[in-house]
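Annotated features, as they stand in Swiss-Prot:
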BINDING   Val49, Glu71, Gly73, Thr74, Ser79, Asp97, Ile98, Asp147  S-adenosyl-L-methionine binding site
BINDING   Asp145  substrate binding site
Amino acid sequence: MDGTDAEAPGQTAPSRAESLVAHAEASISEDALLAAARERAVDIGAGAVTPAVGALLSLLTKLSGGKAIAEVGTGAGVSGLWLLSGMSDDGVLTTIDIEPEYLRLAKQAFAEAGIGPSRTRLIGGRAQEVLTRLADESYDLVFIDADPIDQPDYVVEGVRLLRPGGVIVVHRAALGGRAGDPAARDAEVVAVREAARLIAEDERLTPALVPLGDGILAAVRD
C-alpha cells in the first residue's frame with residue numbers, strides 16, 4: 001500500500017486534516033491591495049474568505065470563462081478582488097449586499113486595484129429581491145457568501161442564473177463542520193443542509209464539497 005496517505009506517528013485523522021488545510025492557507029500569499037481590503041473587513045466585522053478560498057474562487061472563475069459573475073454578499077471586497085483576478089479583461093462582476101458601508105468599502109477596494117467602474121456593478125438591497133431581477137442563464141459563475149439561513153433561496157436563484165457550463169459556489173457550506181454533525185439541528189444547519197440537498201438532487205449539477213474556509217460547495221451545470 002502506498003504510504004503517502006498514511007497518518008504520521010502520533011497524528012490523528014482530524015489533526016492531519018487540519019494540517020493539510022493550514023498548509024493550503026499558508027501556500028497562498030495576498031498582495032497589499034488584498035491585505036488592505038481584508039484589514040478593512042476585520043475593522044467593520046465583515047466576513048472575508050480566506051486566502052485559499054480566494055485562490056480557489058479565482059481558479060473556478062477562470063475555468064468558467066469569467067465574463068459575467070454574480071456575487072451574493074459583497075463584504076469589504078476581498079472575495080470580489082479574488083473573483084476579478086480570474087475574470088477576463090472585459091468581464092463584469094455583479095455583487096449584491098444589503099449593507100451600504102460594505103458596498104462603499106468594496107468600491108474603494110476595486111478602485112485601489114485599478115478596476116474601472118465598467119467592470120463592477122454594486123447593487124444594494126435584499127439579495128432575494130435583487131436576484132429575481134437578473135436574467136436567466138446569463139452568468140458564468142455565481143458565488144454565494146451570505147447569511148446561511150437564506151442559502152436555499154440563493155441556491156435556487158443562483159442555479160437559474162447559470163448558463164450551461166456555469167459554476168455555482170456556496171461558501172459556509174459546512175459551517176466549520178457543524179453541518180455534518182448529526183446532533184446539530186439549529187436553523188443555520190437545517191438551512192445549509194437544505195441548500196446542499198437542492199444541489200445534490202438537481203440532475204443538471206455535478207457537485208463537490210471542498211474543506212476550505214467554512215466549507216465550499218461547488219457545482220457545475222451541464
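The count begins at 1 with the first shown residue.
A Cβ is built for glycine as well, from the same backbone N, Cα and C atoms used for every other residue.
Max Cα-Cα distance over the annotated S-adenosyl-L-methionine binders (Val49, Glu71, Gly73, Thr74, Ser79, Asp97, Ile98, Asp147) is 18 Å.
Under DSSP, Asp97 (S-adenosyl-L-methionine binding site) is assigned to a strand (E or B) in the three-state scheme. Using a 10 Å radius centred on the Cβ of Thr74 (S-adenosyl-L-methionine binding site) and all shown protein chains, the other Cβ atoms total 30. It is 13 Å from the Cα atom of Ile98 (S-adenosyl-L-methionine binding site) to that of the residue listed as 'substrate binding site'. Looking only at other Cβ atoms within 10 Å, the busiest spot among the binding-site residues Asp97, Asp147 turns out to be Asp97.
Around the Cβ of Gly73 (S-adenosyl-L-methionine binding site), a 10 Å sphere holds 25 further Cβ atoms from the protein chains shown.
Taking the Cβ of Asp145 (substrate binding site) as centre and 10 Å as the limit, one finds 26 other Cβ atoms among all the protein chains shown. For the binding-site residues Val49, Ile98, the greatest number of Cβ atoms within 10 Å around a candidate Cβ is found at Val49.
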